[in-house]
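Peer 1: To start, I am sharing the structure in question, which I have written as structure tokens.
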Amino acid sequence: MKPALIVHGGAWDIPDEAVDDCKSGCQRALAAAWSILAKGGNALEAIEAAVMVLEDDPVFDAGYGSHLNRDGRVECDAMVMDGATLRAGAACTLQRVKNPIRLARAILENCPHMMLVAEGAERFATEQGIALCKPKELVSEVEHEAWLKCREDQHAAAHHRGHEQGTVGAVAIDQSGKLFAATSTGGTCCKLPGRVGDSPLIGCGCYADSEAGGVSCTGYGEAIMKIVLAKTAVDLLRQARICVDTPAAEPCGVFSGQLAAREAVHLLAKRTHGTGGLILLDCHGNPGFAFNTPRMAYGYVALDGSFVTAV
């Protein structure tokens with residue numbers, strides 16, 4: 001099977017001055033992952049590589065440069081899911097893990113549970129050979145200044161850099177047909193300590209099923225959770241599409257990846273009035289993406305092997 005790859009850097013009101021940085025980040029994430037897939041490597045290693053690039057880039061809300069919570073600390077969440085087994089690895093409210101996706105993968109592969117949080121998750125990280133960092137090492141100057149403004153003005157958090165933004169994710173299929181999806185985030189600006197959004201929740205911020213496809217979401221987490229957005233999009237990939245222009249309104253195949261993405265985001269807006277976006281690959285490797293925010297940073301590998309990035 002021909003490998004396939006798609007990544008995102010969040011759906012939000014990306015300002016003009018950040019567009020090039022967002023596209024560059026997605027380009028580098030694609031390059032890191034595709035260098036693995038093109039050589040016959042597995043999809044899990046590829047999406048881990050892609051997400052780590054995005055976590056290390058302070059333009060995105062994941063890993064270093066994440067939003068700070070009300071107490072001025074970074075708390076990150078991440079998840080990865082295996083489409084073949086339906087197993088997942090998720091880690092939440094991490095304050096001392098530089099690359100949360102590494103811990104999510106370790107949980108997927110080496111833990112009997114599928115989600116670990118806070119101190120227990122960080123203890124497991126050390127047991128898996130993942131070094132812990134100092135909390136301040138995850139704090140960027142930009143986000144620290146934003147946090148100071150949020151403390152002074154209760155309305156500042158709601159308007160900081162376009163509300164909920166910068167969550168990152170990736171979906172990949174390798175040449176053996178294995179499908180994995182991943183999402184990583186720092187959450188919302190000035191959130192309550194301990195708040196967990198959609199990103200590490202199975203079916204909400206991420207989902208993978210080799211029989212249908214894989215999805216990674218971004219946006220307003222509390223709304224995304226209400227409609228289980230990632231699972232909703234995957235289920236649409238299985239659904240027969242009715243051709244209303246035929247006399248008998250007969251089924252005419254399943255939803256395409258692009259149509260499934262659009263329908264899922266439309267449902268998000270219709271049922272919750274929430275904003276966000278998603279990327280997906282169907283089980284054949286066809287990409288799809290949709291968002292109802294002003295912009296979303298994303299990139300995918302085209303059929304000819306070229307990288308397509310956009311904001």
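We count from 1, first residue shown onward.
Cβ coordinates are placed from backbone N, Cα and C, and glycine is handled just like the others.
Pasting the relevant annotations from TrEMBL:
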type	residues	note
ACT_SITE	T167	active site, nucleophile
BINDING	R195, V196, G197, D198, T218, G219, Y220, G221	substrate binding site
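I'd like to know what surrounds each of these features in this structure.
Peer 2: In sequence order, H8, G10, F60, D61, A62, T183, S184, T185, S199, G205, C217, T218, G219 make up the list of same-chain residues 6 or more apart from T167 (active site, nucleophile) whose Cβ falls under 8 Å from its Cβ.
Around D198 (substrate binding site), the same-chain residues six or more apart in sequence whose CB sits under 8 Å from its CB are C204, G205, C217, G219, G221, E222, I224, M225, L229, listed in sequence order.
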Peer 1: Sequence gap of 6 or more, Cβ distance under 8 Å: name the residues on the same chain that satisfy this around G197 (substrate binding site), in order along the sequence.
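Peer 2: Counting only residues 6 or more apart in sequence, the Cβ neighbours of G197 (substrate binding site) under 8 Å are D77, T185, G187, T188, G205, G221, E222, I224, M225.
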Peer 1: What residues, ordered by sequence, lie under 8 A Cβ-to-Cβ from R195 (substrate binding site) and sit at least six positions away in the same chain?
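Peer 2: Correct list: N69, E75, G187, T188.
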Peer 1: For the binding-site residues listed here (V196, T218, G219, Y220, G221), tell me which residue's CB has the most neighbouring CB atoms inside 10 Å.
Peer 2: T218
